[in-house]
Amino acid sequence: MTDQALQTLVEKISIVFFQKPFLHQATFNRRLKTTGGRYHLASHHLDFNPTVFLKYGQEELEKVIKHELCHYHLHLAGKGYQHKDKDFKELLAKTGGARYAPPLVERKKAVFHQYQCQSCGEVILRKRRIDTTRYVCGKCHGRLSWQAKKEQI
């Protein structure tokens, strides 16, 4: 999808769902990493993350567009346009926009180091490696031995 196609889609959604025209500029912004879109308060322009369209398709992009248009129209009307405001929540629910952007970056799985006490057999999981010559078991003060790296979700 090009910026021009995005502009026409935003204008169409604005007329159909909000019954008001979108008079500013809507573009894709590849620098957005974790958000689906952004509304600029000063210029009233909208930026959208192209990853939403590429990863989830046009249906999810339309939900993000509705979300940003809620900010846009409420701000221009002088009403509460922030996420916490009642006006915003009501308009978002009425138009069917997304409350949150879908996950755009995959989270790294946590890796833990597994240690075991040589005396009592207590298993200890740590995110950071520890020096087994300096640290001992907290339960019985026995020596620790490194077992393996474990991935946890």
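Even glycines carry a Cβ here, placed using N, Cα and C.
In the structure as shown, the Cβ atom of GLU68 (active site) sits within 10 Å of 23 other Cβ atoms. Reduced to three states, the DSSP call for GLU68 (active site) is helix. Here Swiss-Prot flags GLU68 as active site, drawing on sequence analysis.
According to Swiss-Prot, the Zn(2+) binding site annotation covers HIS67, HIS71. Spatially close to HIS71 (Zn(2+) binding site) yet at least six residues away along the chain are TYR39, TYR81, PHE88, judged by Cβ distances under 8 angstroms.
Annotation comment: Swiss-Prot describes 7-145 as domain 'SprT-like'. Summarised by DSSP class, the composition of the domain 'SprT-like' (7-145) is 49 helix, 25 strand, 65 coil.
Counting every protein chain shown, 24 other Cβ atoms lie within 10 Å of the Cβ of HIS67 (Zn(2+) binding site).
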